[in-house]
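Now, the feature entries from TrEMBL:
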- 267-278: compositional bias 'Basic and acidic residues' (COMPBIAS)
- 25-158: domain 'MPN' (DOMAIN)
- 264-294: region 'Disordered' (REGION)
Amino acid sequence: MAVPAVRSFLQVAATEEVASPLRVVQIEGLAILKIIKHCKEFSPALVTGQLLGLDVGTVLEVTNCFPFPIREEDEENEAEGANYQLEMMKCLREVNVDNNTVGWYQSTLLGSFQTVELIETFMNYQENIRRCVCIIYDPSRSSQGVLALKALKLSDSFMDLYRNHNFTGEKLREKNLSWVDIFEEIPIKVSNSALVSAFMTELEADTPVTQCDYDRLQLSTNPFMERNMEFLIECMDDLSMEQQKFQFYYRSLSRQQAQQQAWLQKRRAENAARKTAGEEPLPEEDPSNPIFKPVPEPSRLDSFLITNQVSNYCNQINGVAGQNFSRLYLMKALHEN
């Protein structure tokens, strides 16, 4: 009987298949409560924190989290923040708590999270963590009766372009990448232990109606709508400025092409005269001439992010408007009865 060959760890690692894509983010209920508590306590200030858990197959399990201290943007405080994270991870490891970093969470104001800083943070995490997510929580939107919690990751095609710092129109068309392909939203699944679920079931029957339940029936959403409209107008102004940059680029490109054609015609006429005189013709391109230097095309990353943000504000306005109509119909039915 043949004895099966024993493979070494390096052989197994070399033949390991490509990791399956991330399908769902499973978060413990206690971790969600910690995120909500931290974000609400410091609202409207924006806060961040670390996510801890395990990466198991197609599921990213978030079992714990801890907040980052609020700091100013300077080198000393950045070093203190890094030391704080290391100390926290060390303490969690000593008490036998999951201390594997799987991403981070951050709060946002009315969904204003799609920025270059978020992308840079993703790229920094990707250097050490193969798969990581960012949990976005919006306390202002959650006050309207909706748990505004979402998990995001960068798409692989976008990360390839970002590493090369090439966001020209040609590369975007080559990769077939549009503004909707920057972020990927991963479904969130809330998980609780059997004991917690049983305890919540016992509490549910005796829980009285709270003020939060009455707040969900409020028909006035004017402040929320006004802020969304203000942010939407600001984004449209920013988008208009980005369009002006591209208009200036195309005007400069057209002007350069006209100058090149004029120079080329002049050089060809000069070469014709030199040929008649029996002299060697001059080259029809002169790299040292400023008119032959390519005009740098502006990056389309900012315009993509602004377009994403505009779409987010429009979806929020549409959702609030739909909720208002539902509440009006509900109140009308109640009054009729």
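Residue 1 is the first one shown; counting continues down the chain.
Glycine is treated like the rest: Cβ placed from N, Cα and C.
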Given a Cβ distance threshold of under 8 angstroms, which distant residues of the chain, six or more beyond its ends, lie next to the compositional bias 'Basic and acidic residues' (267-278)? 284
Please list the DSSP helix, strand and coil residue counts for the compositional bias 'Basic and acidic residues' (267-278). 10 helix, 0 strand, 2 coil
Note the mean pLDDT of the domain 'MPN' (25-158), expressed as a whole number. 84
